[in-house]
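Asker: Quick one: structure below, then a few questions.
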Amino acid sequence: MRYIKLPSENFEKFFKSLEAWGTVYAPVRKGSIYSFQEVHDPSEMALDYNRTMLPPKKFFFRPKEAILRLKNGRWEDEVEAEPMVLFGLHSCDIHGLKILDRVYLDEPADPYYKSRRERTLIIGISCMPDEYCFCKSLGTHFAMDGFDLFLHELPDGWLVRIGSVRGHEIAWENGELFEEVTDEDLANFKEFEERRANAFQKELPQEGLADMLDLAYNSPVWKKYAEICLACGNCNMVCPTCRCYEVCDRWMDAYKAVRERRYDSCFMENHGLVAGGHNFRPTRLDRFRHRYYCKSYFDPSAGYNCVGCGRCDEFCPAKIEHVKVLEEVRGSLK
Amino acid sequence: MSENPYQTYDARILEVKDLTSREKLFTLRFLDPEVGEKFEFRPGQFVIVDIRGFGEFPISICSSPTRKGYLQLCIRKAGRMTKFIHKMKEGDIIGIRGPYGNGFPMEEMEGSNLILVAGGLGMAPLRSVLWYAIDSGKYEHIWLLYGTKAYEDILFRDEIIHLLKHGEAMNCSVKLAYEVESPSCIYLERGFSDRVCRGVVTDLFRGEEFDVEKTYALICGPPVMYKFVIRELLDRKLSPGRIYMTLERRMRCGIGKCGHCIVGTSTSIKYVCKDGPVFTYWDALSTRGLI
Ligand SMILES: Cc1cc2nc3c(=O)[nH]c(=O)nc-3n(C[C@H](O)[C@H](O)[C@H](O)COP(=O)(O)OP(=O)(O)OC[C@H]3O[C@@H](n4cnc5c(N)ncnc54)[C@H](O)[C@@H]3O)c2cc1C
Ligand code: SF4
Ligand code: SF4
Ligand code: FES
């Protein structure tokens, strides 16, 4: 890793230089929530945000998109993506993208996702946890890769970690904006990280989590929460690692049709329904439990399918808390 | 060829044949001979059928890779899309992508006995295994235990009756169980009293013993069937690793993206579309919700 410093006074210039790479999207405040939007000026951004409602997955795996267009009886596709810069991603969201990559870039790769991913510059930014964050428990509070540049806040600017060849190119082309990192900067960086590590209020003990959950398959806790759950599927929509989709063909006129896909949720009753009306997850209990199992699946090479971003808690209308459910399930085993 | 895995290839319907009142057999050929040439599959794999502008659905390949130049799908009229394809005729064009899934490990089983256990529509994927095994001649003996509702529901009836009569010459023994009595069934039962009976598919195991060291079982049928058939096999000491079953789940992508076919829990998650649809009983023991 190469480290450089971006002094505060050069931030705006640096930001402007990014427009040469593609449309810039960054967190913007909208009422009480944040969302990634196109921005043209640093003043539009809210870089001290906690989390956006929809995670950055929306740029690669869209809430709704046409994958094929029917013209003259044949499917045509438009795979080529526009270049983009995603500015200000938190470490957990970068990990979320890495988990999606494992699914969507695995052969045969999803061409839409892949093309957008290849044409997008990822710029991370440091953050302070709020009451919902538990990324530290899952080891996703620090990104070692998955970004081009990562900006860590310093009292007088930013410590920049360069994570890719493209990151190097940006630093190279804007050489005059950056400085060498001093010992003082490193001390400030370390101090920030320590302060941050101590600021987490929520913790998910993850020792033996996967096995514990499996053993607790019949725990009454699942039932208790399944009864409170509204099965609205919000938690799926906002999760940076949920990626189920549903497909539907739609006619535009007598000659043209599109094949569309859109976010799907495992809370929906028809998620496990097959022909003849047989449902493999017929009850809300089955579906509620399924989501927790899917999120807590541990892949030795990539970790859990949850990055601890806290979105499912913040945006659950029934106020169901992910960590609390898991801890209660664990408790019910004893 | 397109790099887009969601793109489908034109295939012409060469023939449509009524198998029963609910199932039709579609014989297809790819329009582009190059695509047809490259399309290789194993018994137990499936394709996604694309009716452009209406949608896609997964269907097992029911012909055998030993019989080249065409592809056969046995499709039950089950809902919106399958109803639509049932209206299609010879010469119509549909889209096909695939083949998908792991298929049965045919090479690994060479030299052994195969017990195929089919319930209802489960006969479709197993027909691919059946003809592959007979045509290749690489298997010691093949049993087909087939459970059906009524005489009218027997899929590939001509082939089944042919095998009842002449199967032994091809190292293949067929046994048939039916649930609803009818003159045709009674006639069959009289002709083959040792092999046709009224009952369910598990009744066909009665009196059968087999060399567990040299035998594999391959099962396909409705969800309720697995538990009972597996019990019969385990009672006869067949190892869980020698019991293969092919499963069905809702599928959209067929390639491990859309998440619909995921089964299991935190310790073991499987995609039926790419880790399956063929699983062993060991898989079922370690992955909850598989059967
Ligand atoms: C691996 C595999 C192999 C199969 N092989 C065969 C076969 O050889 N012959 C056969 O007749 N049927 C087979 N099926 C079942 C077949 O896919 C369904 O009958 C068919 O999708 C029903 O579609 P429909 O629109 O007519 O039904 P509807 O009930 O109207 O379906 C409504 C929606 O649910 C979807 N859907 C329903 N059932 C399934 C399902 N099982 N998998 C995925 N999506 C589903 C449909 O795509 C449709 O969009 C197989 C299924 C799988 C998963
Ligand atoms: S957001 Fe909350 S209420 Fe809605 S489905 Fe998820 S857990 Fe249930
Ligand atoms: S499960 Fe909840 S906390 Fe975990 S990644 Fe998804 S939204 Fe974030
Ligand atoms: S069918 Fe889409 S993941 Fe298996």
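Placement of Cβ uses the backbone N, Cα and C atoms for every residue, glycine included.
TrEMBL entries are annotated by machine, without manual review.
Pulled the feature table from TrEMBL, pasting it below:
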BINDING   B:C253, B:C258, B:C261, B:C273  [2Fe-2S] cluster binding site
DOMAIN    B:6-106  domain 'FAD-binding FR-type'
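Locate each feature and note its surroundings.
Answerer: All protein chains shown were included, and the count of other CB atoms within 10 Å of the CB of B:C258 ([2Fe-2S] cluster binding site) stands at 23.
As a summary of secondary structure, the domain 'FAD-binding FR-type' (B:6-106) carries 13 helix, 44 strand, 44 coil according to DSSP.
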Asker: Give me the sequence-ordered set of same-chain residues, not including B:C253, B:C258, B:C261, B:C273, with a C-beta within 8 angstroms of the centroid of the [2Fe-2S] cluster site's C-beta atoms.
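Answerer: Output for this site, in sequence order: B:M251, B:R252, B:G254, B:I255, B:G256, B:K257, B:G259, B:H260, B:Y271, B:V272, B:K274.
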Asker: Checking B:C258, B:C261, B:C273 - which of these binding-site residues have a CB within less than 8 A of a chain A CB?
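Answerer: Cβ contacts with chain A under 8 Å: B:C258.
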Asker: Given a separation of at least six residues and a C-beta threshold under 8 Å, show me what packs close to B:C273 ([2Fe-2S] cluster binding site) in the same chain.
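Answerer: Within the chain, B:C273 ([2Fe-2S] cluster binding site) has Cβ neighbours under 8 Å at B:P58, B:Y100, B:G101, B:R249, B:M251, B:C253, B:G254, B:I255, B:G256, B:C261.
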Asker: The domain 'FAD-binding FR-type' (B:6-106): mean pLDDT?
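Answerer: Across the domain 'FAD-binding FR-type' (B:6-106), the average pLDDT comes out at 96.
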Asker: Using a 10 Å cut-off, grab the number of neighbouring Cβ atoms around the Cβ of B:C261 ([2Fe-2S] cluster binding site), all chains included.
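Answerer: A count of 26.
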